[in-house]
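J.: Mind having a look at this structure? Questions to follow.
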Amino acid sequence: MLISESSVFSPGEEGVYSNVAMRGRHADAYSMYKRGTRDYINAYDKEPGSVRSLNGVSKEIGNPSWKRSFLYILVASLASFLYGYHLGVINETLESISNDLHFNGNTMAEGLVVSICLGGGFLGSTFSGLIVDRVGFRRAFQLCALPMIIGSSMSATAKNLWGMLLGRLFVGTGMGLGPTLATLYVTEVSPAYVRGTYGSFTQIATSLGLMSSLLIGFPAKETEGWWRICFWVSAVPAALLALFMEFSPESPHWLFKKGRAADAEAAFEKLLGGPYVKGAMAELSKSERGGEAETVKLSELLFGHHRKVVFIGSTLFALQQLSGINSVFFFSSTVFKSAGVSSQSANICVGIANFLGSFAALLLMDKLGRKVLLIGSFSGMIVAMGLQAASASSLVSSSNEVYLSVGGMLLFVLAFSVGAGPVPSLLLSEMFPGRIRAKAMSVCLASHWVVNFFVGLLFLRLLEQIGPLVLNTIFATFCLVAVIFVKRNVLETKGKSLQEIEITLLPPE
């Protein structure tokens, strides 16, 4: 197993808190923060047995146990599972929905049912940073689950097209919130040495959500009204997310930023264990200021001191979508059908490739690093898109055309899910300083939704006008641009604390 406990520690030695000492420090922690960050660090340094090291890790006691935060990561990953489920739930059910709601053959209506989630996703993503900064992660996750429960119920009980569209719009707002929240929460509660591995859980959860929606949707074409069951089912994990978040710890970074130092300590103890609290708090104090109420303005993100990391983030998400991944998912059934394979088998094959790549990312994220995975992923996507472009050329015989198309498609999905899929969200949540992390992520993800929308809007038109050979070559070119961009601009964050990364990217002005 990849994740292993680095050390086993027992109570009684230095760095272990007694309950009395813990309560005492909680009582006066806030006043210490109000006296300033430097005083707080000094106070920690003067305590006997203080652990002053990166993310609470020292050579004497090793890494904190990954088991403490593992369950909370799984709970947060439910948001990504729901994102994947709602992306795929319409795939097998659209034909039945259009028949039952009497818009069969209306391609515009069918397109709206599929894509209206993008509008909701843009809204949810745009306001995700503001919501997190105001109410914290636990309440934000519950707010994310609420429109998914309401929207799923509206879709399941829809009597006409407008009822379905309204339900899908509600679901879309939750989909826009979910990936941002999951990525940020995982980043802020994970020990540094497994943060990449835990970050891969969100991509695995997304792929599992996609596969689940496809498997549950298979009977929809044969069983009348089954599509309604598919929407009802999605309300269950959304309700579990809202429930379990009530028992999950708040992000210590958010608590500290709000001046709630005692609560931040308690959260660190729950996530890391007592011996690591002092070191984690002292490290956090170096880059954050407790009680800070300063508002981050959009102009500061776009034109101020943070413009470089925001530009890197927005460009990464744009290149992720300009790679052509959505076109591959969109046409997978068509390509497989030309090879004599059913659409159900096609979706299963694409889902398996997506899952295998996501699992590989989990194994490799903290071994090879984010930058290596991104470069390798986009490079593999160049090769895969080249195969698909070659299949459309006159140099390839008709007997080999199908093999190149199918092989290129599966390789593309596999390569994407290893790096270009999971890495950008995790990498950017690590790169952004705590003060701007939530709002900067929402800005970058908004660019993701905008580019995603235009790629979906223009793809069929471009395919008709310039053909698959030129279009796939364009996608391959964007993948090449992504490789060059990553090499020149992306910082490796493997194994580094969030404070180390911030200092590297944003030296003092």
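A Cβ is built for glycine as well, from the same backbone N, Cα and C atoms used for every other residue.
Features from TrEMBL:
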type	residues	note
DOMAIN	72-494	domain 'Major facilitator superfamily (MFS) profile'
TRANSMEM	69-88	transmembrane segment
TRANSMEM	108-132	transmembrane segment
TRANSMEM	164-186	transmembrane segment
TRANSMEM	198-220	transmembrane segment
TRANSMEM	226-247	transmembrane segment
TRANSMEM	344-365	transmembrane segment
TRANSMEM	372-390	transmembrane segment
TRANSMEM	402-428	transmembrane segment
TRANSMEM	440-460	transmembrane segment
TRANSMEM	466-486	transmembrane segment
J.: Could you tell me whether the transmembrane segment (402-428) and the transmembrane segment (164-186) are in contact, taking contact to mean 3+ Cβ pairs under 8 Å with a sequence separation of 6 or more?
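T.: Output yes: the transmembrane segment (164-186) sits against the transmembrane segment (402-428).
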J.: Would you confirm whether the transmembrane segment (69-88) and the transmembrane segment (402-428) meet the contact rule of 3 or more C-beta pairs below 8 angstroms, pairs 6 or more apart in sequence?
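T.: As far as Cβ distances go (cut-off 8 Å, pairs 6 or more apart), the transmembrane segment (69-88) and the transmembrane segment (402-428) do not touch.
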J.: For the transmembrane segment (466-486) against the transmembrane segment (108-132), do we get 3 or more Cβ-Cβ pairs below 8 Å once near-sequence pairs (under 6 apart) are dropped?
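T.: Since fewer than 3 Cβ pairs under 8 Å link them, the transmembrane segment (466-486) and the transmembrane segment (108-132) do not come into contact.
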J.: Output the single range from 108-132, 402-428, 440-460 maximising the number of Cβ pairs under 8 Å to the transmembrane segment (198-220).
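T.: Result: 402-428.
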J.: Could you pull out which residues elsewhere in the chain have a CB under 8 Å from any CB of the transmembrane segment (440-460), counting only those six or more residues past its ends?
T.: 115, 118-119, 121-122, 125-130, 176, 179-180, 183-184, 298, 301-302, 306, 309-310, 313-314, 316-318, 320-322, 324, 326-327, 330, 425, 428-429, 432, 471
